[in-house]
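Report on the structure given below.
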Amino acid sequence: MKVTVVGAGAVGATCADNIARKEICQELVLLDIKEGLAEGKAQDMMQTAALLGFDTRIVGSTNDYSKTAGSNVVVITSGIPRKPGMTREELIGTNAGIVKTVCDNILKHSPEAILIIVSNPMDTMTQLAMQVTRLPKNRIIGMGGALDSARFKYQLSQKLGCSPADLNAVVVGGHGDTTMIPLIRHATWNSTPVTRYLSIHEQEQIVADTMVGGATLTKLIGTSAWYAPGAATTALVESILRDEKKLITCSVSLHGEYGQQDICLGVPVIIGKDGWERIVDFELNEAEQALFSKSADAVRSMNEVLKSA
Ligand SMILES: NC(=O)C1=CN([C@@H]2O[C@H](COP(=O)(O)OP(=O)(O)OC[C@H]3O[C@@H](n4cnc5c(N)ncnc54)[C@H](O)[C@@H]3O)[C@@H](O)[C@H]2O)C=CC1
Ligand SMILES: O=C([O-])CC(=O)C(=O)O
């Protein structure tokens with residue numbers, strides 16, 4: 001198996017590092033437009049192999065897409081991150097052009113690849129990837145819900161004083177500060193509803209903190225996060241390459257599911273060797289469905305920009 005990660009910045013390099021350590025593919029190509037960056041990081045990671053004990057072959061490339069040929073999975077992280085005070089949506093002007101160029105180049109050399117879109121604003125970039133590649137919808141996966149759900153579990157675990165691994169908790173909707181929907185009514189701690197252990201105020205605080213999880217880290221760090229984004233992306237790659245059929249929230253093209261048409265938005269999907277294999281219906285109640293529709297409206301209005309792309 002072969003994986004390419006485009007963008008050797010914070011998220012791309014972290015993702016590549018995780019993938020290499022897990023030995024979920026034989027070859028990993030890291031590509032960046034910045035001269036020498038990907039080669040340097042690839043070499044640095046390869047020099048951890050003797051210490052960490054992995055055999056993944058990591059290759060760096062400065063914009064030479066021939067090295068990515070025959071990739072089974074391609075992760076796209078190229079693009080600018082936000083600075084404190086910015087929204088993800090403000091990145092669209094720069095990142096749309098980058099994601100479009102990258103998709104064109106990738107497909108020339110890996111026509112069978114499954115694409116994972118990370119660059120922000122992620123739901124709109126996923127829609128753009130659908131538009132420019134015209135690939136079957138199951139092969140285009142936007143990464144956001146995996147990360148947001150992990151952050152939701154973190155917030156819950158802090159309040160409950162429990163292990164995040166004992167929690168089931170899912171965030172659906174857009175990957176934006178105001179568009180994501182942490183489904184607290186559905187969240188469980190070893191099969192018991194978390195709402196049983198939390199006051200309404202605590203529940204509201206956890207939901208609010210989850211929604212601004214990315215913005216909070218951006219304010220602290222000065223640029224956006226990479227450890228959890230890299231790990232969440234790796235979980236998707238792993239579920240594809242090992243055909244794990246994990247249930248992970250991803251931004252995928254909806255055609256009637258959750259009441260939406262022709263939009264990429266975060267819903268729970270089964271991830272396996274064919275990409276996202278089916279959408280799971282969580283049976284939202286009226287209030288949750290209203291939030292989902294509102295989230296879709298916001299993402300749809302952002303997608304208007306793509307009409308001129
Ligand atoms: N979907 C999600 O959950 C998350 C998305 N992100 C997004 O991921 C993107 C990357 O974030 P970071 O890695 O922190 O940024 P970064 O600035 O550290 O890395 C981005 C890399 O992309 C490269 N690049 C730019 N144009 C390129 C092109 N045409 N071809 C190849 N490489 C190119 C840059 O040279 C740079 O090395 C941002 O848009 C950020 O908002 C970040 C975290 C989570
Ligand atoms: O916050 C950002 O801009 C990056 C991102 O999408 C995240 O960490 O969730």
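Here the Cβ of each residue, glycine as well, is placed from N, Cα and C on the backbone.
Secondary structure of the domain 'Lactate/malate dehydrogenase N-terminal' (1-142) per DSSP, as helix, strand and coil residue counts: 68 helix, 28 strand, 46 coil. Taken from TrEMBL, the feature domain 'Lactate/malate dehydrogenase N-terminal' covers 1-142.
In sequence order, Gly79, Pro81, Arg82, Arg88, Leu91, Asn95, His175 are the residues near Asn120 (NAD(+) binding site), counting only same-chain partners six or more apart with C-beta under 8 A. Marked as NAD(+) binding site by TrEMBL: Gly7, Ala8, Gly9, Ala10, Val11, Gly12, Asp32, Asn95, Val118, Ser119, Asn120.
Residues or ranges marked as substrate binding site in TrEMBL: Arg82, Arg88, Asn120, Arg151.
The feature domain 'Lactate/malate dehydrogenase C-terminal' is assigned by TrEMBL to 147-300.
What TrEMBL lists as active site, proton acceptor is His175. In the three-state DSSP scheme, His175 (active site, proton acceptor) falls into the coil class.
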Legend entry - Listed binding-site residues with Cβ under 6 Å from ligand 2, out of Gly9, Asp32, Arg82, Val118: Arg82
Legend entry - Surrounding CB atoms that lie within 10 Å of the CB of Val118 (NAD(+) binding site), all protein chains: 30
Legend entry - Gly9 (NAD(+) binding site) to Arg151 (substrate binding site) - Cα separation in whole Å: 22
Legend entry - Distant-in-sequence Cβ neighbours of Gly7 (NAD(+) binding site), under 8 Å, six or more positions away: Leu31, Asp32, Ile76, Thr77, Ser78, Gly79, Val118, Ser119
Legend entry - Rounded Cα separation (Å) that holds between Val11 (NAD(+) binding site) and Arg151 (substrate binding site): 16
Inset, instruction - Counting other Cβ atoms within 10 Å, pick out the least crowded of the recorded positions Arg82, His175. - result: Arg82
